[in-house]
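**Q** The following feature annotations were taken from TrEMBL:
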BINDING   Cys5, Cys8, Cys17, Cys23  [4Fe-4S] cluster binding site
BINDING   His244, Glu268, Cys312, Cys403, Cys431, Cys456, Glu491, Lys493  hybrid [4Fe-2O-2S] cluster binding site
MOD_RES   Cys403  cysteine persulfide
Amino acid sequence: MRMFCYQCQEAAKGTGCTIKGVCGKPEEVANLQDLMIYTLKGISVVAQEGAKADIKFKKADHYTMNGLFMTITNANFDDAMFIEKIKEGLALREEMKKELSDKGVVLNDLHDTATWSAESDAAIKAKADSVGVGVLATENEDVRSLRELIIYGVKGMAAYAEHAYNLGKENDEIYRFIAKALVATLDDTLSADELVALTLETGKYGVDVMALLDGANTGAYGNPEITEVNIGVRNNPAVLISGHDLKDLEQLLKQTQGSGVDVYTHGEMLPAHYYPAFKKYDNFVGNYGNAWWKQKEEFETFNGPILFTTNCIVPPKAEHIERIYTTGATGYPGCKVIVADEKGVKDFSEVIEHAKRLSAPTEIETGKIVGGFAHAQVFALADKVVEAVKSGAIKKFFVMAGCDGRMKSRDYYTEFAAKLPKDTVILTAGCAKYRYNKLNLGDIAGIPRVLDAGQCNDSYSLAVIALKLKEVFELNDINELPIAYNIAWYEQKAVIVLLALLYLGVKNIKLGPTLPVFLSPNVAKILVETFGINGINNVDEDLEQFLG
Ligand code: SF4
Ligand code: SF3
């Protein structure tokens with residue numbers, strides 16, 4: 001087997017990608033991503049030794065966060081970037097070891113992750129391809145399953161931590177946990193029960209990181225508010241910005257002011273329109289297109305340059321590469337990378353000048369979509385919502401947060417939303433919303449039937465809303481609320497969102513369109529028995545089960 005990856009919902013044949021990723025990730029990149037994780041484990045081993053002696057390595061915290069983020073599905077396909085990053089990691093690890101030994105800390109019997117070295121790019125590639133680095137190095141399938149579940153959780157955690165960090169917000173406890181979790185995945189003495197406990201603890205830090213990011217986003221840009229977002233176009237050249245990083249968007253908007261270049265959002269950047277701080281930019285026109293997987297066609301008609309701030313990148317057509325720019329953790333061979341200076345400032349002038357040489361976007365749809373129902377906005381409507389529940393006008397809420405993806409089986413979510421009774425409301429977040437946010441499902445006493453809280457991390461808002469309703473209705477258990485969970489997942493941010501919901505005590509979540517293949521039968525059994533997690537069936541039967 002040349003590669004093995006089973007971290008996302010599209011893993012080949014329901015077992016794992018072994019020749020090339022369904023996502024387009026080639027074998028070399030898959031193996032380098034494994035080595036990236038391997039390197040991060042080694043750095044965490046050394047960082048843990050430091051922590052015992054009260055010595056902190058801030059640089060390692062940030063390096064680990066970014067390295068994890070780079071390995072998320074569809075974030076980075078650039079083998080050269082991984083090689084450079086791994087070299088940087090090896091140098092950092094040795095620097096950390098030297099500092100520890102200078103301070104009298106004795107480092108004995110370190111794991112291979114913390115001792116291996118490579119003198120050349122070829123040696124790094126050889127190490128990446130070697131047995132013992134990747135997922136299958138753990139032979140027991142249950143231990144492997146739990147270890148990977150934890151690793152995918154911390155990947156999602158790292159992504160959210162990095163967005164918060166970009167806005168100047170950090171939480172050292174999250175970094176400590178990430179290091180602890182990575183080291184735990186090397187520990188052969190841990191029992192399955194201990195790994196299950198660590199999985200739940202991952203969920204706890206998942207809640208913390210989403211709260212941190214929520215505070216960072218709302219602190220910088222205000223609380224999301226009800227907003228109509230234009231989905232049509234204007235006649236100016238434009239930049240399309242995709243991904244999840246609001247700081248990148250802010251810098252782009254500032255730099256495009258007065259340039260004659262418009263800015264549109266794509267995919268997960270749509271919720272940026274809900275923040276008050278971005279409303280002052282009169283060139284921030286609207287959202288172009290749909291979820292990530294439709295980007296090939298949509299980039300064709302957009303005509304202008306595209307800036308990726310995070311996942312999800314689909315390997316572009318060759319003729320689009322020269323107008324695709326990446327930044328942050330993202331990368332794709334041949335695409336230009338915009339790097340921040342030491343103060344975090346990014347110069348997007350090249351992207352803006354590029355836009356001026358190209359045509360305005362071609363219109364693919366017209367109209368508006370409504371969103372902005374994060375916790376503060378919903379609390380502002382609390383009286384109305386509570387009244388609608390008490391009067392029976394709203395019978396049930398359906399949390400349908402998560403990811404979208406290209407599989408045909410995801411039509412389920414469109415059909416499910418369309419068939420929901422008229423006295424139900426969908427609470428959504430993440431790119432899953434594109435499956436039903438243009439269906440015009442109407443409203444209940446002025447409350448739209450699709451309430452979009454924002455990006456996938458804003459699932460935190462949905463949890464805050466649920467906890468608030470529990471308080472208002474004086475219930476003992478979050479599961480007594482008239483809220484059902486039918487969540488769609490694709491990549492590792494959805495894993496941390498799921499673990500966070502489990503940590504908060506949410507039971508009976510339906511997870512689809514398929515259950516993660518990285519859950520071994522025994523681990524899946526634990527999740528089913530302890531939390532009632534179950535897969536989707538067909539829409540009619542599932543509706544019956546939810547409403548019956
Ligand atoms: Fe396959 Fe998903 Fe891994 Fe890509 S990220 S290689 S599609 S399992
Ligand atoms: Fe979507 Fe990639 Fe997960 Fe942030 S953009 S939710 S899939």
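Positions of Cβ are set from backbone N, Cα and C atoms, glycine also.
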**Q** Could you find out if DSSP has Cys456 (hybrid [4Fe-2O-2S] cluster binding site) as helix, strand or coil?
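**A** It is helical.
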**Q** Name the secondary structure element type, per DSSP in three states, that contains Cys17 ([4Fe-4S] cluster binding site).
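**A** The three-state answer is strand.
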**Q** Report the binding-site residues (Cys5, Cys8, Cys17, Cys23) that meet this criterion: Cβ distance to the nearest atom of ligand 2 under 6 Å. Use sequence order and write none if nothing qualifies.
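**A** Near ligand 2: none of them.
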**Q** Taking a cut-off of under 6 Å between Cβ and any atom of ligand 1, tell me which of the binding-site residues Glu268, Cys312, Cys403, Lys493 pass.
**A** none
**Q** Sequence gap of 6 or more, Cβ distance under 8 Å: name the residues on the same chain that satisfy this around Cys5 ([4Fe-4S] cluster binding site), in order along the sequence.
**A** Ala11, Gly16, Cys17, Gly21, Lys25, Ala30, Gln33, Val135
**Q** If we count other C-beta atoms within 10 Å, could you say which of the binding-site residues Cys8, Cys17, Cys23, Cys312 has the fewest?
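**A** It is Cys17 that, of the binding-site residues Cys8, Cys17, Cys23, Cys312, has the fewest other Cβ atoms within 10 Å.
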**Q** Quick check for the class: what is the C-alpha distance, in angstrom and rounded, between Cys456 (hybrid [4Fe-2O-2S] cluster binding site) and Cys8 ([4Fe-4S] cluster binding site)?
**A** 15
**Q** If you count other Cβ atoms within 10 Å of each one's Cβ, which of the binding-site residues His244, Lys493 has the most?
**A** Lys493
**Q** According to DSSP, folded down to helix, strand and coil, what is Cys5 ([4Fe-4S] cluster binding site)?
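**A** Its secondary structure by DSSP: strand.
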**Q** DSSP secondary structure for Cys403 (hybrid [4Fe-2O-2S] cluster binding site), reduced to helix/strand/coil, please.
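**A** DSSP assigns Cys403 (hybrid [4Fe-2O-2S] cluster binding site) to coil.
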**Q** Please report the number of other Cβ atoms within 10 Å of the Cβ of Cys456 (hybrid [4Fe-2O-2S] cluster binding site).
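**A** Taking all protein chains shown, Cys456 (hybrid [4Fe-2O-2S] cluster binding site) has 29 Cβ neighbours within 10 Å.
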**Q** Name them in sequence order: residues not among Cys5, Cys8, Cys17, Cys23 whose Cβ is within 8 Å of the mean position of the Cβ atoms defining the [4Fe-4S] cluster site.
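**A** Neighbours found: Tyr6, Gln7, Glu10, Ala11, Ala12, Gly16, Gly21, Val22, Lys25, Ala30, Thr73.
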**Q** Given the recorded hybrid [4Fe-2O-2S] cluster site (His244, Glu268, Cys312, Cys403, Cys431, Cys456, Glu491, Lys493), which additional residues of the same chain have their Cβ within 8 Å of the Cβ centre, ordered by sequence?
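**A** In sequence order, the nearby non-listed residues are Gly267, Trp292, Thr310, Asn311, Gly430, Gln455, Tyr490, Ala494.
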**Q** State which of the following binding-site residues has the fewest other Cβ atoms within 10 Å around its Cβ: Glu268, Glu491.
**A** Glu491
**Q** Name the residues of the same chain, 6+ apart in sequence, whose Cβ is under 8 Å from the Cβ of Cys403 (hybrid [4Fe-2O-2S] cluster binding site)?
**A** Gln9, Gly430, Cys431, Ala432, Cys456, Ala488, Trp489, Tyr490, Glu491, Lys493, Ala494
